[in-house]
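**Q** One structure, pasted below without further comment.
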Amino acid sequence: MGDERQHYYGKHGTPQKYDPTFKGPIYNRGCTDVICCVALLLAIIGYVAVGVIAWTHGDPRKVIYPTDSRGEFCGQKGTKNADKPYLFYFNIVKCASPLVLLEFQCPTPQICVEKCPDRYLTYLNARASTDFGYYKQFCVPGFQNNKGVAEVLRDGDCPAVLIPSKPLARRCFPAIHAHKGVLMVGNETTYEDGHGHRKNITDLVEGAKKANGVLEARQLAMRIFEDYTVSWYWIVIGLVIAMVMSLLFIVLLRFLAGIMVWVMIVMVILVLGYGIFHCYMEYTRLRGEAGSDISLVDLGFQTDFRVYLHLRQTWMAFMIILSILEVIIILLLIFLRKRILIAIALIKEASRAVGYVMCSLLYPLVTFFLLCLCIAYWASTAVFLSTSNEAVYKIFNDTACPVAGKTCNPETFPSSNESHLCPGAHCQFAFYGGESGYHRALLGLQIFNAFMFFWLANFVLALGQVTLAGAFASYYWALHKPDDLPAFPLFSAFSRALRYHTGSLAFGALILAIVQIIRVMLEYLDQRLKAAQNKFAKFLMTCLKCCFWCLEKFIKFLNRNAYIMIAIYGTNFCTSARNAFFLLMRNIIRVAVLDKVTDFLFLLGKLLVVGSVGILAFFFFTHRIRIVQDTAPPLHYYWVPILTVIVGSYLIAHGFFSVYGMCVDTLFLCFLEDLERNDGSAERPYFMSSNLKKLLNKTNKKLADS
């Protein structure tokens, strides 16, 4: 027996030995993984340098403001188009061309205008009337009426027709509406194309839709914004209710954890029992019916799965499967009953620990704030990098042209050879790009930007985990709770983590960031290979994605427990990860039971909080209930505040339960260490709670004698 125990510990590390000086998280510790700390600082300096370069070359106006055919911004202060905020398309029907998908630009002249056209007018009619002054503002800047009609339309100096339009996302789109089932623009169902031909307005509809998508997007956004302005007060109240409910659930777990777990187990057994009974009744009911004795093999595969329900063999298979599951659960319940009780006791103890370290419930706000900084820096840098290109002009033409798609200079294009080869071509802005070394390095800079975001975000999460683990470990290793608890356990753990273990946190975050950036690159490659018909490449890509997903989950699990060991002992990352892994492997069954029990309770808590607050919000915002004398404000879309409350409630519940989960994991590792370090003697007393000692039949001799 002793040889077996020695062989077991030889495979899964050496148990912790008794240390008379150990009284919880070690205070006299040194810096760990200094090289990784230096690497993180250098990477941050490089990240700042990339941000400065991006901010120097980038121009976010390219995303916010539309640009005309010359690449000049519309409505931007300090430019010649400052008083012209809207972009006008000469012929929006051409925006339905497949060229838009390739070049991301409509092959028609575009100019900045002060306001969108409000009337239907053709160039021929305007030229012969007093409306030409109005029409001229929609021609290219500097247009002089010294050409013939054909020349003006050929050179793209003026649009062939003006259509009543409305601005959407700073762009002019036809004001399309339905009247008695007929699509109309203003009061017109047809339009003239400038060559004397009348065309159906449906062409304009399709062009407008393909150019912008849904025309009512701006109106929808404005209504949603109005709903937020009148309902934000009640949304905040709903989120406060979610916070209070989450806190109450954590407190009540001290008293109701055991009841909820056992009720759930009994319900699962009863449901499976009913399933077995139902399968047996269906099996007996089909006895003697024509065709019910056909085997599944003879029937073969059927697209209508309901056919299988008419076979006795199907219900026999269901009954056997459910019976096997029932037997497995009952056997697990018999043999793991004690471990389930230990898991419940640890959950109750975690509720007490959170009660003594109440400020820990506010720490997720710190993590949230730091993550917001990381996201904001990453997003702004990505935008500046993506907009740090130069304006590229290309030749666009409606008909076949040998120079179409080539780059050009809008200043010299009218007198160039290309304009003579293609008389109807236009040199207009296509996109932002460049051929310099900086522009060729933009993809690499974007990848570095994403990698640094993952690294810093994982570092922030790791800092929170080490801080919470240090605070809750101080609670567990206090022999007389709460008298021996430090004055400010959370602040002490936070300062120790930053002072001594920045390198270790950076090391763990770096490993996870590498795996995550590989997963992002695999997703990018997968999107690029979707059009390929190589089945082996698709299979290989699927396997790689699955493997790296599993690897990321394992590293997160290992990092979490490594951070707990770092918070307690102050060792480096590799040593802490190894010790935590071997400690868990020596207690693998307890780990599995505790993990499933806590997962169930957290799922139940989230469903309770989110479901209760969501139902309350639904009844309130749909005017089905009143709170005192107040009623819900009138809304365009009642689902706007309801969804906001539901999502916010889930985030709040997740924040509370993440603290609680870290507490359970920390106390569990401390509990396993306590069992290996101590034996209950006067010199080596157990630090676990009285409930845990009672479950394990453990006692502290000094306390027993007294």
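Glycine is treated like the rest: Cβ placed from N, Cα and C.
Whatever TrEMBL says is automated annotation, not expert-curated.
According to TrEMBL, the protein has these features:
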TRANSMEM  32-55  transmembrane segment
TRANSMEM  232-253  transmembrane segment
TRANSMEM  259-277  transmembrane segment
TRANSMEM  315-335  transmembrane segment
TRANSMEM  355-379  transmembrane segment
TRANSMEM  450-478  transmembrane segment
TRANSMEM  498-522  transmembrane segment
TRANSMEM  562-581  transmembrane segment
TRANSMEM  601-623  transmembrane segment
TRANSMEM  635-657  transmembrane segment
**Q** May I ask whether the transmembrane segment (450-478) has at least three C-beta pairs under 8 Å with the transmembrane segment (562-581), counting pairs 6 or more apart in sequence?
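**A** Result for the transmembrane segment (562-581) with the transmembrane segment (450-478) is yes.
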**Q** Does the transmembrane segment (232-253) come near the transmembrane segment (601-623), with 3+ Cβ pairs under 8 Å (pairs 6 or more apart)?
**A** yes
**Q** If we call contact 3 or more Cβ pairs under 8 Å (sequence gap 6 or more), are the transmembrane segment (450-478) and the transmembrane segment (601-623) touching?
**A** no
**Q** Do any residues of this chain, six or more beyond the ends of the transmembrane segment (32-55), have a C-beta under 8 angstroms from a C-beta of it, and if so which?
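**A** Residues packing against the transmembrane segment (32-55) from afar: 377, 380-381, 384-385, 388, 438, 445, 448-449, 452, 455-456, 459, 500-504, 506-507, 510, 566, 570-573.
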**Q** Of the listed stretches (355-379, 498-522, 601-623), which one yields the highest count of Cβ-Cβ distances below 8 Å with the transmembrane segment (259-277)?
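**A** The stretch with the most contacts is 601-623.
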